[in-house]
Amino acid sequence: MAKSEGKLQKQICKVVLDHFEKQYIKELGDVWTTVREVLSSPQCWQYAVLLNKFNYSSELEKDLHLKGYRRAFQEPLPYLPESLKCYISSTPGRFLAQKHRVGKLKEYYLLNAASLLAVLALEVKDGEKVLDMCAAPGGKSIALLQCACPGLLHCNEYDSLRSRWLQETLESFIPASLMNTITVDELDGRCIGDLHPNAFDKVLLDAPCSNDKSWLFSSDIQQATEMISHRKELSTIQVQLLRSAIKALHPGGSLVYSTCTLSRAENSDTINHILNSSSNIVPEDISEMASAVSWEFTLADGIQKHELLVLPERGKAWGPMYMAKLKKALSKEN
């Protein structure tokens, strides 16, 4: 409990908050006031509990019910495998985390429930070849494997430290018998398309972004100032990663792009740039899914049918999370 209380005492970085104030009041209007209140108050943040089907515990499920947790995604969704079991509570706080133990699978994974929307939008089916392009720390890879059994799940993470974190996560949740269907690489994601052209049925690009929650509590003011000054470069990198992801995608395949920032430049603007400059990419309508989850999450208005933006608010402190779904057109030969 002491560790949890320590996290709640983190100090807001004024340099970052001032930067957000200028940008997000323009982009979100009055909504920013509500979002800012939640982002700057860790004591009201919520965490979901994703059960591990490979080490299922009925006692854990009973315990979650007793603690006031309920099953997420209860409305009919276009894609919601029964094997994906996620529990949420409207009460702020974090369920006790499990430590990594060699040879022992964990029973659950703690995450922001909004991050599962990207996984559900991807609609992975058994036997498909799937690329998780920027996979660390591994939560979305774990969620993908709760939904289906891909013929191949290629998890990539360029940063070596984060890659080791990813490897440990996979070992903590996936039985050894299934590890032969999973590969882990440390490639620069911008090169994957050239190395593996037309190789994957589905691609998940959870792109490096400005990560509003994390940035807001930066402890090093100089580092925070440098991050802000380089923020514009992120959208360039994101476009490069998207182009690589598109190359890696098989014609007819789908791609989901996601970030954990509110920044329009890193979200809608990046996707629009790709749509306006790529002849073989079309937007995929996810409005049915958005409508089904709108009672569970607060979604931004003025969003196109191929995208959604989750806004944190009290009692629904999920996000921020943006996602968009794209499809690679079939080649003329097909």
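In case you wondered, yes, glycine gets a Cβ from its N, Cα and C as well.
Keep in mind that what you see is a predicted model, and the values were worked out from it rather than measured.
These features come from TrEMBL:
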ACT_SITE  Cys260  active site, nucleophile
BINDING   Cys134, Ala135, Ala136, Pro137, Gly138, Gly139, Lys140, Glu157, Asp188, Asp206  S-adenosyl-L-methionine binding site
DOMAIN    39-329  domain 'SAM-dependent MTase RsmB/NOP-type'
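Less than 8 angstroms from the CB of Cys260 (active site, nucleophile) sit Asn112, Ser115, Cys209, Asn211, Asp212, Lys213, Gly319, Pro320, Met321, Tyr322, each of them six or more residues away in the same chain. The number of other CB atoms found within 10 A of the CB of Asp188 (S-adenosyl-L-methionine binding site), across every protein chain shown, is 12. Other C-beta atoms found within 10 angstroms of the C-beta of Cys134 (S-adenosyl-L-methionine binding site) number 22, with every protein chain shown included.
Residues belonging to the domain 'SAM-dependent MTase RsmB/NOP-type' (39-329) score a mean pLDDT of 96 in the model.
Largest CA to CA distance in the S-adenosyl-L-methionine binding set (Cys134, Ala135, Ala136, Pro137, Gly138, Gly139, Lys140, Glu157, Asp188, Asp206): 20 Å, whole number.
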